[in-house]
Structure formats: structure tokens, C-alpha cells
Amino acid sequence: MPVQAPQWTDFLSCPICTQTFDETIRKPISLGCGHTVCKMCLNKLHRKACPFDQTTINTDIELLPVNSALLQLVGAQVPEQQPITLCSGVEDTKHYEEAKKCVEELALYLKPLSSARGVGLNSTTQSVLSRPMQRKLVTLVHCQLVEEEGRIRAMRAARSLGERTVTELILQHQNPQQLSSNLWAAVRARGCQFLGPAMQEEALKLVLLALEDGSALSRKVLVLFVVQRLEPRFPQASKTSIGHVVQLLYRASCFKVTKRDEDSSLMQLKEEFRTYEALRREHDSQIVQIAMEAGLRIAPDQWSSLLYGDQSHKSHMQSIIDKLQTPASFAQSVQELTIALQRTGDPANLNRLRPHLELLANIDPSPDAPPPTWEQLENGLVAVRTVVHGLVDYIQNHSKKGADQQQPPQHSKYKTYMCRDMKQRGGCPRGASCTFAHSQEELEKFRKMNKRLVPRRPLSASLGQLNEVGLPSAAILPDEGAVDLPSRKPPALPNGIVSTGNTVTQLIPRGTDPSYDSSLKPGKIDHLSSSAPGSPPDLLESVPKSISALPVNPHSIPPRGPADLPPMPVTKPLQMVPRGSQLYPAQQTDVYYQDPRGAAPPFEPAPYQQGMYYTPPPQCVSRFVRPPPSAPEPAPPYLDHYPPYLQERVVNSQYGTQPQQYPPIYPSHYDGRRVYPAPSYTREEIFRESPIPIEIPPAAVPSYVPESRERYQQIESYYPVAPHPTQIRPSYLREPPYSRLPPPPQPHPSLDELHRRRKEIMAQLEERKVISPPPFAPSPTLPPTFHPEEFLDEDLKVAGKYKGNDYSQYSPWSCDTIGSYIGTKDAKPKDVVAAGSVEMMNVESKGMRDQRLDLQRRAAETSDDDLIPFGDRPTVSRFGAISRTSKTIYQGAGPMQAMAPQGAPTKSINISDYSPYGTHGGWGASPYSPHQNIPSQGHFSERERISMSEVASHGKPLPSAEREQLRLELQQLNHQISQQTQLRGLEAVSNRLVLQREANTLAGQSQPPPPPPPKWPGMISSEQLSLELHQVEREIGKRTRELSMENQCSLDMKSKLNTSKQAENGQPEPQNKVPAEDLTLTFSDVPNGSALTQENISLLSNKTSSLNLSEDPEGGGDNNDSQRSGVTPSSAP
């Protein structure tokens, strides 16, 4: 029975007794069949036949010469000249001796593999020959030259060695970088395609799945089947690419094709290819054949990497290559080598090998070939010795790749463990190709190299994780290259931004939700650049969990994070706005950062930072500018970035204490907590935000809406009037459907004029801007560090100028009322009742704030996102631009108009909760023109009070006289606006006019002036709006008359009535919204400017029902207007 042949690497031991050959008892005797056995085992054979292939041994064993080549490899003494009796003459003997000498010399290249038991193979003794060359050389060494069959085998082995040598030389002259590209180019040139190891394997398995049962399918059906199955895992799969894979199999003749008349042919898989192994082998064979046709010579290990992505299929590929070899392939390879040498100049003079190679190529490899003569044998072996020597010489002296050319690419485990074969057996059959270490020195060398590579890997991994979280790696990695991971110590903010400390996440959104708002997800900060000053990387790096509680929830009400977030110790508001910081892409989403205001000096004017991008005060802050995500505009850096609102709240609304760290960081979305430069909201939005009429500069810049804005980028033409630092602060790009994007202001010219008047009034108020702390006694007002001078017209510039950190921290929505209004996402008119009485607002500021939050949430939940002029999807969080809880820390934007969002009833709110917004209500209007900006309560400067006059509803009322005058003016403006609104209502008879009015009213909601017609929330149809407009117009006529009568009433009464009326109006149908005028009046009347909570609103509505009736002409008209504008008036208690 045949014995299993040993591994070719065990050529130094007897395959029968497994003992190493020696020169005494176990002399190696080679048989004509190519097997070598020790003489002792041969003598014990029962039959004179090879124990492995049963070939008969015709020659006397004693006459067979010892294989001296193997003896020299085992270190044994080679016997001197052995008598050869099998040679017919002296000449033959001479040829024999020369041939044997050639074999012995070639065998020396096997010395590194010479011992399976201890000679050892290490990095210095590894053979320069490749594994295929060594294997072919072993075959040659085992040939018995005295036997005729042995000589035939020796010639074939010599030819094979010569052919492999040519291939090796061609490989040495190839550019490995171009090898794969040349291969796939050749494959594509034949209408085929390789999709990569994993995808190609799946595609082939699916083809087999469809056809293994013998079914016949058309090519189209087969391709569709494969594509549909591949799509879940490989979305890039296409009919074209899969069709090319099928073409590859078709080219390989794997299908039995049945043609049909006037119909597509049917393809049936041939029976021999209905297993994956057979199909894959034919597939691989076809690719190898294409490569050979293209003149490419690729090593088996390279094939394994290309087709399988590993090194475990080298033998498989080698067998395919061998089968594809033809007698003509050798001569063709010689020609290709000649061409390659001409291209390189042949520095090693390899052309001298050409005659020898041609001689070897002319050897007939067929088994039926006649046996060679002794002379032919000698010539053939001399030629193969010459070409192998030439190859070794070239590899050692001229090759750039050297002996390691076949080594697979290094990876993390490459040669970091000892080779098992080397340890156990003292030698490794894989030689230089082994991926394990063969010596301790080699092991230590690669382990050290691996350690150097490790740090980079974790970084990329951490970046990948951050990306998964939604943080762009650019935002994560600042120019400094520091990666700020939550676990890592937050590095100082780049570009002069001071990190507030690990406890406060600088990038925390103002939203209450600790989790990043999906819209705010860092991943959405696509435009943030690592180099952007105040780039999120550092800011993001340490996001305290407490801060995380201040997640960038665009919709969520600002978290009452102050408690959660320790006040940031930032003296200066962090400058989160990069100079050209991509952090604040034009499409900046509101990046919510903690408002570490408490730590920062309250209202410290934020000087424009060098890196900060400041837009002219009148212009909308770049933050609102929404450049294409690809080119995020650096938001105007507010020196006082919105101080983390958390700190504001933590500081008990001591604005001064909380630096405005992130104003620029907060992008387009208006957060109740951030102060935005008077955003160019649709006036409706502004009206909604605060009853106080606010001049809203026409939106010159696309709204700042972050990602959600991105959808509306072109629509976003709104820019805050003054780029308040807070307004500017880019926030994480949000896509919150409710991102607070004021609808583009579309007020009629008259309304614009009214708004301008309001702005003037607000400017005056701001000049006086000593806003007594909002009635929210409970919350200590942070002393505003605002400089009254700076707050005036500079408000537009406030973002950069406001030294009062609080202002910079204030966001238009920063005020409690406003915050809640904003929190309600423009607190919907329904939800928000215009605060008519300042006292009520003050008294119930907290409770109302909570109610406002509820209202805001509801409003946000309502499908009417009136503020969003861009479409059904609201840009502002459904909970309000600033929906926040009393604890939410709001960073006051720079001196921004402090206005109570009309929907936000002012409650006695802990300013600490809204620390940035002393008068929450008034500040909520901060989105308005900076003139209306209101310093934090308790810290309001006179200017603040002035702004509070209008913001009176937002903050403490100005001195009664001034207040009343301002109120009168505001009321007049409101009446005018309402009248204009009525006129518009008449014009709105047509649906288009109605829609425009609605947009205006929406805009008006955000500001006292009649809002431009913003897009109505998708909830309200144009027909409904038109009907409402007609009704409103009728009511307006009535109320106008009533108002004229009521105008006679004292201004105080009017303000109170307006407030109460707004409170009631805030209750009206969502469609009915308080006109901007009413809102402004109510806000001016309402000291805190904060919207009443629903309960307070209900109470106010009940109490003021009679007042409303009397003031309905005015308030009702306004309400109707506001309804048209889509804003619900909010009443301040």
C-alpha cells in the first residue's frame, strides 16, 4: 500500500523512517520517480517498487549513486568520486559529473531549510529565493540523473525553474503600486469586474444560490436577484457592476446558454460548477488568465491578497497559475522580460541570461517527450544554474524590494509572535514569507514597531467613535491636534477660547436634553473646522455629564442646567466662534454650549475677538448666515459667547458671573437661552418672541438655521439685526424641525416702518436700559456688565462689542419670558399669552416659566411652526427656540433686545435659571434689535431699563413716565401695525395675500411690528387662513374703533390691558396670534416680558376678559393680526 508522501520541506529526512540522512547507514538514494529514500529502508522493501507511487525500480539499488546534494545539506561528509557504471562512456560520465555539480550548487540555496531539527532558520539565513523557487529546486535535487526517467524529470524541473526565474525577474521590474490598477484595468477592458474580496464572494454565492438547482435564468433576472440580495450589505451594488461579474463567469464558460428567438437567452450553470469551490476556482482562473494576456506577472501571495484579502490562498493561486502555464508561456515571458529590461536600461546586464532562458524555453515539458541526451542534460542544468545565479545576484545587488518582496503588508500582529515551526522544529518552511518572528531579535524589533503604531490607531478609533456620535472629526481635532474626548482632560480652547473646565461642556447645547439633539449632533457640525477658533474639538472634548444634561436639544426646553452644571469659571465668555471657524458653518446649527456665565463677569462686553467673525451690527450675524455646509462661515465670534446658560442659571442669573462662552458657537437655531443678534426673524417671529415691538432689520443673511436650516438655506435670508455674540454663536448644526429660524421677515413696508419706530423706541429704552430686575424676585439678577453706551445701536455689534458678558450671553430668547416664548419655539400664540402686566409676570415668573415651557413644548409640538418660513418642517425646536426649564442656563447674547417672547409668561424666575437673562421676558426678545437687548435682571444698567421700557414686559418697566411714553409709542405703533395688518387682511382676501399676511403675522409674532407673512405651519391651510383673516379683519375694524376709545385711557391702563389681553390672546386659537404690536405693547407693559404659564394665562384671561372686551378693539385687532401672523400673544402676569 502506498505511503503518504512527506511535505516537500522535509527533503532532508527519509520519508519512510523519518530519520535524517547521513553518509553511513542512511545514505539518501534518489529513485527515477523523484522520491528519495535512505538506503536502509530501500533494502527492507519487499518489492522493488517505490513505496509512494509504486513505480518499479528497474535498477539495482546498489548501483544507484548517493544523492550528494542532500548529503551536503545535512552537513555530512560527501564521499569522493563515486564509480558510475550506468554511463555508457567517458563523455557521458563527464556530462553526468557536470550536471551533478550544477545540482549540488543549486542545492546550496536550500541551506536555510537544510535542517528540520536544529540547523535553524533565522532572519540572517533566510533564503533569497522565493518559496516557489525553493520548491522547484527541491524537485530538481531529488532527480536521479542516472535513470532515464530521472533525467527527463530533471529537464522538466530545469525548465520550470527557468520559467519561474523569468517571472521573478519580471516581478522585480514591475511597479507594485501599479500592479493592481493594471490588473483591474485589464479586467474591465474585457467587460468584467472584480468588486473586492468580500463583495465578489457574496455575489458569486448569490449567483450560485440562484442557479445551483439547475434553473435557467436570463441575465437580467439573475443580475436583479443578486443586486437585491446584496443591497442590504453592499449598498453600492449596482446592476452594472453585478452584470460585469456575471460576464466574468460567462467568459469563463461557466454557463450553458440557451438562446431564444426574440427574447433574452437563458443561462444555466454547468453541473461541474454548481459548488462554490469549483465556481470560485474557475472565476479566479479567468482573472489570472486575463492578467497573463495583459502581460502581468503576479506572485501567488499577491494573487491571494488581491482576490481574497489574505495570505492563506497562495497554494490555491499557485496551482491555478501552474495549470495555466503553456509551452508558449515561457517564451512569451522571455520576450516580456526583454521589453522590461529595455525600459529600465538593464543595469544588472540580465540580457546575458537570454540565451540560457531561450534554451530552457525550448525544452519539451510533455511527459511523452524523448529522454534528453547527456549533453542536453548538462546544457540544461548549466543554463538553469546560470539563470538562478543571475536572479540571486539581481535580488541581492539591484533589487529595491530585496528578498522581502513577497512579505505581506505589515499589520498589527506582523512578526509579534514567534513562529511555531521555528520553535518546535527549528525551521520554518515559509521562510521569508512567514508572518511570525524567527528570532528573538526580530520579535522585539516588530513589537517595538507595533507599539509605535498603536497610538495612532486609538486616535482614529476614537475619532470614528466620535463620528458615530455625530461629531465631525474636524470639529474634534483642533489644529493643535488634540482630540478632546469626554474622558480626556479638556485642553484649552483654541483661538483664545478659554475652556470652562471639564465640569462644563463648552459645546453643550442650550437645550435641556442632555443628549445631543439629533439636529445638534456633532456629526452635524460638518462645517466645523478643527482649526476654527473655539473649535468644538476642545469644547467638545470634556463634556461633563452634568453639561451633557444641557444637551444640544434644539427642541428641548433649556435644561435647568445651572444646578447640573457648575458655573463655568471663565472670566471671559468663551470665544467659541472661530475666526473662519468652520465650527460655525453658515448653515450653522445652533451649537449649544454651556453657558458658563456665572464664572464670567456679568455682561462683560465681549470685544470682538480677532478670530471672531463679526458682522456689522445691523447685519445679521454671520451665525445666521447660512453658507453652504461645505463652506461653513465662521460665526461672528462673540467675545461673550453665550455664556453657558447653565452657569447663568447656576449663578442665579448673575449674568456677570457667567461668561458668554459660546455665543458664536450657537448657530442658527435660536435658543431661548442664547442671545442672538437681533435676528432677522420674520417679524412674526420677533413679535412672537416679545410683545415689545422690535425693529427687525430685514434679513440680509440667510437664516442661521443649522442643519434644519440647511434644508432651507436659501430660504434662510434672515439675519439677526445685530449679530449678537450669542446670536452669532454657531451652534451644532441642528436639523431640529423646530430650529428656531425666524421666517424671513416679509412685513409690509408700513410694518417695517413701524418696526423701525419700535427699534428707535427700543434703542431709547436701551439707552436708558436700566431694566429693573424683572419682577422675578426669586432669581437674583446677575449684575450686567453691559456698558449702556455699547448696548445702543451697537447692539447689532453687540455680539463683539458687548462687554457685558450677560448681554453677549443673552440670546434673544435668553429672557425667561422670551426663553419660554422661544422655548415654545416662538411660543405659539396659543400657548403664549402676551404678558400684559409686569407685576403678574414678576409674581408668577417661575411658575409661568414652567407653564411657558409646557406651552412651548406644546407649541413646538403643534405642527404650526409659524416661525419657519421655509416649509412645513419647523426650523425651531418644537419646544421653542429656547424652550427651557427654569433651571436651564441661558447664555445671554450680547446686548440683545431683551424681550419676553410673547408666549413666555414671565414668572418669578430664578435669574440663576436664566441667569443670562435678568428679565427673561424682556430678554427673550433679544433676537430683536440689540437695542432691545436687556441686561440680566438685577444687573441691568439704565440702558437695560430703557430697553426694558419696551422690554418692560420683558424686564422691569422703565421709569413710569418714560415707560408710559414708550408704551404709548409702542401702542401707537402696535395700533398702526394692527391697522396695517387689517389692511393686509383685506388684501389677504386672496389666498396669496392671506398667506403673505400669515407670514407677516408670523413674523409679527416674533416682533411687535406687523410680522411679514411667514409660511404658516403646515397645519393651517391657506383657505383657513383666509377665512381667519377675514374674521380678523372684521374684528380689527371693531377693535380699532374700540382702541381709539381705549387710547384715551391712561397708558398704564392700556399697558395692563394689553398685557392681560395678550395673556388672553395667548390663549386663542393657534391660528389667532397676537399681532406684533400687541406683543410689543404687552411686553413693554410686562416688566419681565415673560409669558404667563398656561395657568397664569388662564387666570389672566379670566380676569382680563372684561378688559379684553374693552380693549379688544386694540388687543383683539392685534390678536387677529397676530393670528394672521401666526403668533399667539403671550400674556405676562
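Cβ coordinates are placed from backbone N, Cα and C, and glycine is handled just like the others.
It should be emphasised that the depicted structure is a prediction, and the values quoted were computed from it without experimental measurement.
Database features, via Swiss-Prot:
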type	residues	note
ZN_FING	14-54	zinc finger
BINDING	CYS14, CYS17, CYS38	Zn(2+) 1 binding site
BINDING	CYS33, HIS35, CYS50, ASP53	Zn(2+) 2 binding site
REGION	89-173	region 'HEPN-N'
REGION	174-326	region 'ROQ'
REGION	327-396	region 'HEPN-C'
ZN_FING	413-441	zinc finger
MOD_RES	SER462	phosphoserine
REGION	505-542	region 'Disordered'
MOD_RES	SER531	phosphoserine
MOD_RES	SER535	phosphoserine
MOD_RES	SER863	phosphoserine
REGION	1000-1019	region 'Disordered'
COMPBIAS	1007-1016	compositional bias 'Pro residues'
REGION	1058-1078	region 'Disordered'
REGION	1094-1133	region 'Disordered'
MOD_RES	SER1110	phosphoserine
Problem - Euclidean distance between Cα atoms of CYS17 (Zn(2+) 1 binding site) and CYS33 (Zn(2+) 2 binding site), Å - result: 19
Exercise for the section: Around the recorded Zn(2+) 1 site, report the further residues of that chain (criterion: Cβ within 8 Å of the mean position of the Cβ atoms of CYS14, CYS17, CYS38; site residues excluded), sequence-ordered. Expected result: SER13, PRO15, ILE16, THR18, GLN19, PHE21, ARG26, VAL37, MET40, CYS41
Problem - Pairwise Cα distance for CYS17 (Zn(2+) 1 binding site)/HIS35 (Zn(2+) 2 binding site) [Å, integer] - result: 14
Completion exercise
Taking only the CA atoms, the spacing between CYS14 (Zn(2+) 1 binding site) and HIS35 (Zn(2+) 2 binding site), expressed in whole angstrom, is 10
Handout entry: Spatial neighbours, same chain, of CYS50 (Zn(2+) 2 binding site) - Cβ under 8 Å, 6+ residues apart
Key = LEU31, CYS33, HIS35, ILE57
Exercise for the section: Would you mind reading off the Cα separation of CYS38 (Zn(2+) 1 binding site) from ASP53 (Zn(2+) 2 binding site), to the nearest angstrom? Expected result: 16
Completion exercise
Cβ neighbour count (10 Å, all chains) around ASP53 (Zn(2+) 2 binding site) is 13
Exercise for the section: Helix, strand, coil: count each for the residues of the zinc finger (14-54), based on DSSP. Expected result: 5 helix, 8 strand, 28 coil
Problem - Fewest other Cβ within 10 angstroms of its own Cβ, chosen from the binding-site residues CYS14, CYS17, CYS38 - result: CYS17
Handout entry: Cβ within 8 Å of the mean position of the Cβ atoms of CYS33, HIS35, CYS50, ASP53: remaining residues of the chain near Zn(2+) 2
Key = LEU31, GLY32, GLY34, PRO51, PHE52, GLN54, THR55
